[in-house]
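Report on one structure; see the data block that follows.
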Amino acid sequence: MAIVSAEKFVQAARKNGYAVGGFNTNNLEWTQAILRAAEAKQAPVLIQTSMGAAKYMGGYKVCQSLITNLVESMGITVPVAIHLDHGHYEDALECIEVGYTSIMFDGSHLPVEENLAKTAEVVKIAHAKGVSVEAEVGTIGGEEDGIIGKGELAPIEDAKAMVETGIDFLAAGIGNIHGPYPENWEGLALDHLEKLTAAVPGFPIVLHGGSGIPDDQIKEAIRLGVAKVNVNTESQIAFSNATREFARNYEANEAEYDGKKLFDPRKFLAPGMKAVQGAVEERIDVFGSANKA
């Protein structure tokens, strides 16, 4: 299966009552881990780059080339979309130009009418090149590349207006946040999600901040209409924990590890890479997208 737009497989998820994962990558190893997990689970997947991660990796063209060539060299057979996560207007246009197959234009920080107008412009440009479009109403809590939100509930009328711009899937605040959830978090506003999906029947909703939400709430959100769940923090924590454990073991057994040449960065990064793959596979199972390729 070639790299594709996300439109068809996100729509299929919405229609059939499961969700696909949008997994953020940060480097070569993360990309390989996500692809291996998707292939092992035979699940369609979006590999996402935030603006910050793309800058770190060398730019959008580098990211697009890396993912495209890894899909080919690794013999990946499942559908893979290359997706921009929380992109500004100029970034969205650049990603369309360099070959991303899906983009999120995040104008949630703009006045509603300006957000709608710019989203409509992006949709026209993207769809002309077969690129799927995600947009956001309200703001998702937490911080994502300088955009800070408090976890508000997306206004229903704004959501309906955003869908009318022609987007393919909609990110809407339902009490979710980016990053670790605080102990006093009240949970997803599932009653609001139910009202939202009733207002835009059959339309795919995106759940951002998927890391740390209890599985039962995620599954209920999927039942109510969520068709894409974004994951980043969970993978970061898995990578960090595995790498720290390896480093602690190295320090305790330095002579032995040196003898095995475990200072080789390929070996040093391997435990974290394996942990990311495991985290992605586990999320795919929860989302119900295994064997849906």
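Glycine is treated like the rest: Cβ placed from N, Cα and C.
Just so it is clear, the model here is predicted, and its values are computed rather than measured.
Feature annotations, reproduced from Swiss-Prot:
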type	residues	note
ACT_SITE	D85	active site, proton donor
BINDING	S50	D-glyceraldehyde 3-phosphate binding site
BINDING	H86, H178, H208	Zn(2+) 1 binding site
BINDING	D106, E136	Zn(2+) 2 binding site
BINDING	G179, G209, G210, S211, N230, V231, N232, T233	dihydroxyacetone phosphate binding site
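If you measure from the Cα atom of N230 (dihydroxyacetone phosphate binding site) to that of H208 (Zn(2+) 1 binding site), you get 5 Å. V231 (dihydroxyacetone phosphate binding site) has its Cα within 10 Å of the Cα of these recorded positions: H208, taken from S50, D85, H86, D106, E136, H208. On a Cα basis, E136 (Zn(2+) 2 binding site) lies 13 Å away from G209 (dihydroxyacetone phosphate binding site). When the recorded positions D85, D106, E136, H208, T233 are compared by Cα distance to S50 (D-glyceraldehyde 3-phosphate binding site), the shortest distance belongs to D85. Between the binding-site residues S50, S211, the minimum number of other C-beta atoms within 10 Å of a residue's C-beta occurs at S50. Looking at D106 (Zn(2+) 2 binding site) and H86 (Zn(2+) 1 binding site), their Cα atoms lie 5 Å from each other. With a 10 A radius on its CB, D106 (Zn(2+) 2 binding site) counts 28 other CB atoms from all the protein chains. Residue with the densest Cβ environment among the binding-site residues N230, N232, T233: N230, by other Cβ atoms within 10 Å.
Counting only the Cα atoms, the space from E136 (Zn(2+) 2 binding site) to D85 (active site, proton donor) is about 11 angstrom. Here the C-alpha separation of H86 (Zn(2+) 1 binding site) and S211 (dihydroxyacetone phosphate binding site) works out to 16 Å.
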